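Report on one structure; see the data block that follows.
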Amino acid sequence: MAVTKLLHHFGWTWVGILVTDDDAGEKELQVLIKYMEEYGICVAFTMKLKKPIPNKYNRIPDIIKNSGVTRNFQVAKIKSMNKKVQETISRSSTSIIIVCGTFSFFMIKMFQLPDHVVNMKTFLLPPHWFINSEILHYCFTALNCSLGFQFATSEVNPYNQEAMTQFFLNVHPFNYPDDKWLEEFWILNFRCLSPNDDKNQLFENLLNIKLRNCSGKENFTNFNPILNPEGCSITYDAIITLVYALHAMFSALGREAVLKDPKNPKCRYKLNRYLKELEYGDSELEKTRYYDERGALKTIFNIYNWISMYNNNFSIYKYVGSYTPWAQPDEKLFIETTKIQWKSKKTPRSQCSENCPRGSRKMKDSKKPICCYDCVLCPEGEISNMTALSSIAVIFWTISVLIFGIYVSHKNTPVVKANNKNLSFILLISLSMCFLCVFLFIGRPVDRTCKLRQIVFGVIFSVCLSSVFAKTIMVYMAFKISRPGSPWKKLIAIKVSNSIVVLASTIEVIISVVWLYFSPPYLEQDTQSYQRKVVIQCNEGSQVGFFALLGYLFLLASISFIVAYLARTLPDRFNEAKYITFSMLVFCSVWITMVPTYLSTKGKNMVAVEIFSILASSAGLLSFIFFPKCYIILIKPQMKQKIYIHRATN
């Protein structure tokens, strides 16, 4: 799952898999493919790395004891497998190769690949491969800049650094002549000749290296990964886990009963059960792993970038992220992309087919994986391009936010005060939300957006028109109260403007609630309009509810237009009524034109008509009401002085 999440994060949908031909490799492969299919990731190739050594010769000493002819034959098989790996990777267009299965010494040869084959390939390595750093030393061309997973370790420091260093100084093949692993380690990492000539020849032939007589001063302290605290912590965690499980089993069954016959298979089975039911009692260990209800181990995986340095004589592990299986779905994978070093200096792309350009669509081939397709031109009249509408909405939203900022910064100027700044703020906020609500109409519809988009648009637009209506009323009332003994003074004393906005908007909310309750919009599939095509669209449910919502908006706009028209002859100080008249004229024109066009179209064209109407009417309100005031504030600042306003009035 961790590997699949990483592939999905980078958009790698076309990958190759190298897997060892054994039970462990087969199990890992099946699990990997299962998760990859869930994310729509395709396999470019799967190559099984067959063990070139028969089971009866699966240890290096056994091969050496065998005849020279057989030994040469096995070496030839290893080299033949290496050639097949080269050919498979060369033919594939994928940039990402995943490694699965069991690590062994013989696998090193499989990854000794020339530059032109792996120069642009990135390998993903599992924990049991990643911890064997000698593979990078011999296969730096292929595995440099690879990504590897490693089990997260506790923060406990399990050993004394000084004591361990002293111990490793004394570990040498001369002191332990019967330790064959140590002898082979010296050959691999220090390229020292061993006492066994046949073994020396085998290593030289397989790895294309030249062994030498060493000084005898080589030791583990010269080999940094051995003393890597994280590697030691993994060993510590494994030991302490076994200790806890044994302690639990001894406590339950009795120490003597268990040790009486420790090799009995029943004992091993019971120990396995206690491992799965383990409670560490150690907060540091519990931070990194636990066993789920099925007894499966869940652990955090750290992700490292494996980098070869100093002419491939030294390698480093750079921490670049982690995977936490018990975290929230969108928080499981943490990755710091900027820290990763890639072979090509940029994040690799790994897709079977490039994304289709605008005006074309995918055509899948039944003989190819789902990730592979051809791009064909869309039929005439069927090119969907909603990008322009999205851009217009964002542009006008930005303009409304900028105007809001201008009004806030000049809120104490006569121009802003004279036009009721509170209503102006409400109108600007609701207009900015109108521009954003068009995004509910764009994209593939779902049941939730079908129910919300008309309601959200209607309520927000009712707030806009209510604010405009309130501004118009306030302009008219402000002129009337200037006359002596005017009864309008009592009305202006109460907050008429706020009451108008709340009352007018509430009526629209009631209409929307009734519509949603009795016959709400829903998602439908239109199979009749086009042959061999299914159009997923929103059905508005009750047409009465939809047109009642639009009709009320038209009513508000009409009343505002009439009142503003009557107030157009007021003195220049109150000339906002002229701008409101023009804005309402634009609004009514747009929506009167929209209704017959809306009824005569279907599918995405119907949605496009409504989006255009929303944007056009909102832009009309914004332009006619606020642009003239911004012109005065920014371009003609002398006009905003009180003396100028009084002069104009007189």
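Cβ atoms are placed via backbone N, Cα and C, with glycine included.
Marked as domain 'G-protein coupled receptors family 3 profile' by TrEMBL: 385-638.
Sequence annotations record features per position, and here TrEMBL assigns transmembrane segment to 388-410 (among others). Residues 416, 421, 424-425, 428-429, 431-432, 435-436, 438-439, 442, 608, 611-612, 615, 618-619, 622, 626, 630, 633-634, 640 of the same chain lie 6+ residues outside the transmembrane segment (388-410) yet bring a C-beta within less than 8 angstroms of a C-beta in it.
Beyond the ends of the transmembrane segment (422-443), by six or more residues, the same chain brings 386, 389-390, 393-394, 396-397, 400-401, 403-404, 407-408, 416, 449, 452-453, 456-457, 460-461, 463-464, 467-468, 470-471, 474, 497-498, 501, 607, 610-611, 614-615, 618, 621-622, 625-626 to within a C-beta distance below 8 angstroms of the stretch. Look at TrEMBL and you will find 422-443 (among others) tagged as transmembrane segment.
For 455-479 (among others), the entry in TrEMBL reads transmembrane segment.
Taking Cβ pairs closer than 8 Å, the transmembrane segment (500-518) reaches residues 423, 426, 451, 455, 458-459, 462-463, 465-467, 469-470, 473, 541-542, 545-546, 548-549, 552-553, 556 in its own chain, all 6 or more past its ends. For 500-518 (among others), the entry in TrEMBL reads transmembrane segment.
The transmembrane segment annotation in TrEMBL covers 544-567 (among others).
Annotated transmembrane segment per TrEMBL: 579-599 (among others), in sequence order. Counting only same-chain residues 6+ beyond the ends of the transmembrane segment (579-599), those with a CB under 8 A from a CB of the stretch are 465, 468, 471-472, 475, 550, 553-554, 557-558, 560-561, 564-565, 568, 606, 609-610, 612-613, 616-617, 620-621, 623-625, 628.
Long-range contacts of the transmembrane segment (611-634) within the same chain: residues 389, 392-393, 396, 399-400, 403, 406, 410, 413, 415-416, 419, 424, 427-428, 431, 434-435, 437-438, 441-442, 457, 461, 464, 468, 576, 579-580, 582-583, 586-587, 590-591, 594, 640, each at least 6 residues beyond the stretch ends and with a Cβ under 8 Å from a Cβ of the stretch. For 611-634 (among others), the entry in TrEMBL reads transmembrane segment.
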